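A.B. asks: One structure, pasted below without further comment.
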Amino acid sequence: MAAEEDIHTNDGTIDFGNKPAVKKETGTWKACPYILGNECCERLAYYGINTNLVNYLKFELNQGNVQAVNNVTNWSGTCCVMPLIGAFLAYAYLGRYWTIASFSIIYVIGMTIVTMSASVHGLKPLCDERNPCVSSFGADQFDDSDEAEKKKKSSFFNWFYFSINIGALVAASCLVWIQTNVGWGWGFGIPAVAMAIAVVSFFAGSRLYRYQRPGGSPLIRICQVLVASFRKFRIKVPADKSLLYETADAESAVIGSRKLDHTKQLSFLDKAAVETPSDCVKGSVNAWRLSTVTQVEEFKSIIRLLPIWATGIVFSAVYSQMGTLFVLQGNTMDLHIDNSFEIPSASLSLFDTISVIFWVPIYDRLIVPLARKFTGHKNGFTQLQRIAIGLVISIFAMLTAGTLELVRLREVKKHNYYELKHIPMSIFWQVPQYFIIGCAEVFTFIGQLKFFYEQAPDAMRSLCSALSLTTAALGNYLSTLLVNIVTDFSTRHGKPGWIPDNLNYGNLHYFFWLLALLSVLNLGVYLMVARCYTYKKLVVSSH
């Protein structure tokens, strides 16, 4: 009997035919290449639009620097908010597979419209949405109850981020050159084709995937806990927490979620799990009056993630500069590699990608083993420590960008280059700031990806992955807000401001240093929040 049970996964996943998933025939690295191929092509499509968008708005649609920067950050922010809708649909109704499939098709339609907008005179560009469930769906291919598969899951996130950066590398090099030198129709058309290939890649692996059944709306479960807690606000929580309500079954009442153990924090919510005579109607539990401990702990887990989530916003604002002000700064510098070839300023972001590709194996092969000797932790650092290191590194990225701009402006003043479109200072002086941000990504973004997946309740992983993406959205919106504030402040009394259309008259370095200062303050808040964080606890099986 035990041998028969070992044939199937123990995490509740099913196969394409809606039967229990067979370990040897589904999931793991057999299925992941199709998911990673989908992600690589989708990221190529996204960055094919995003990387050079500020130049498209500035030179093709004749927008000023401030307007172009704000439009790019607002667009990027909106792309990162939409995953919340996808996450809700994935868990409440469609499941991750059909959510990814449906929105990928919509994505292709959106990319086609963007291509037409750049090719047909008079049309305006439209924006597309990002799919929120791919990383969680890929991680679902590994069974957490199987130690061998659990180890493989850890490396999946590195390969997932590696695939993202391969797509970004092609976008920042080939596609930006095509957009600048061949035409925007081709430059946007190729990403549209890439997205179509992403859809084909995803569907090709359908029979190899493992699927999690939709577990119902997480928002409804959260509301049920809140309502039950307030209904019982006068009731005392028993000192013996084993008296709190939980199902007697080995499995949780929440589909697709393992049972969670009780934690001491946010004890007011425990009232929702205190049993009273009025909780049952005709022999069945009223979910709006009584919640299980697991349901309460799900909500607690989300609340505990929010402070960590909030501290990612400033980092995302720093990251967003690569697609906006870094590009505009590069536009003012010498773009020539030699006398015959010009490199588009947006292509410098490929050094961010090269940095990520360089640092991922360095982190895995050198940094982790070395750190393990000092910390004793199996991963070298905890995910919270890893994120903190990235936050520190990002400060140096802004200091480097600000210092470069100060040196550039001194050259402008010294030689009276104010009206010169490209000053004789190589754009490759920007490489360090891109490379440093790439290093920060390996620590912070991959750390966040793993942390939110591991600490999210099982049945809310897509929602939490989408929540982590909203830090990027709010980071972009924060960048827009800061640009508007400093523009309003610095252009008073007829002054050109920090970010004028001709940056030779501006003080762009002040903006970079402002972000560095905010990053220092954000790091201080993060360290306080991380020290107080309580990790989720799974119920230990008695079997």
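Using the three backbone atoms N, Cα and C, a Cβ is placed for every residue, glycine included.
It should be emphasised that the depicted structure is a prediction, and the values quoted were computed from it without experimental measurement.
TrEMBL lists these features:
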TRANSMEM  75-94  transmembrane segment
TRANSMEM  100-120  transmembrane segment
TRANSMEM  159-178  transmembrane segment
TRANSMEM  184-204  transmembrane segment
TRANSMEM  305-328  transmembrane segment
TRANSMEM  348-366  transmembrane segment
TRANSMEM  387-407  transmembrane segment
TRANSMEM  427-446  transmembrane segment
TRANSMEM  466-487  transmembrane segment
TRANSMEM  507-529  transmembrane segment
A.B. asks: How about long-range neighbours of the transmembrane segment (305-328): same chain, 6 or more residues beyond its ends, C-beta under 8 Å?
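C.D. replies: Those are 50-55, 58, 65, 68-69, 72-73, 76, 345-346, 348-349, 352, 384, 387, 390-391, 394, 397-398, 401, 430, 433-434, 437, 440-441, 444, 448, 451-452, 455-456, 464, 467-468, 470-476, 478-479, 482, 499, 503, 508, 511-512, 515, 518-519, 522, 525-526, 529-530, 533, in sequence order.
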A.B. asks: Any contact between the transmembrane segment (100-120) and the transmembrane segment (387-407), i.e. 3 or more CB pairs below 8 Å with pairs at least 6 residues apart?
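C.D. replies: No, the stretches stay apart by this measure.
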A.B. asks: Mind checking which residues of the chain, 6+ beyond the ends of the transmembrane segment (427-446), have their Cβ under 8 Å from one of its Cβ atoms?
C.D. replies: 157-158, 161, 312, 315, 318-319, 322, 326, 329-330, 333-335, 343, 345, 348-349, 351-356, 358-360, 363, 386-387, 389-391, 393-394, 396-397, 400-401, 404, 407
A.B. asks: Between the transmembrane segment (75-94) and the transmembrane segment (387-407), are there three or more C-beta pairs closer than 8 Å, counting only pairs 6 or more apart along the chain?
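C.D. replies: In this chain the transmembrane segment (75-94) does not contact the transmembrane segment (387-407) - fewer than 3 Cβ pairs sit under 8 Å.
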A.B. asks: Give the one range among 159-178, 348-366, 466-487, 507-529 whose Cβ atoms make the most pairs under 8 Å with those of the transmembrane segment (387-407).
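C.D. replies: The stretch I would name here is 507-529.
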A.B. asks: Excluding the flanking five residues on each side, which residues at least 6 beyond the ends of the transmembrane segment (159-178) place their CB within less than 8 Å of a CB in that stretch?
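C.D. replies: Counting only partners 6 or more residues beyond its ends, the transmembrane segment (159-178) has Cβ contacts under 8 Å with 32, 36-37, 39-48, 51-52, 134-135, 138, 186-187, 190-191, 194, 344, 346-350, 352-354, 356-357, 360, 442, 445-446, 449.
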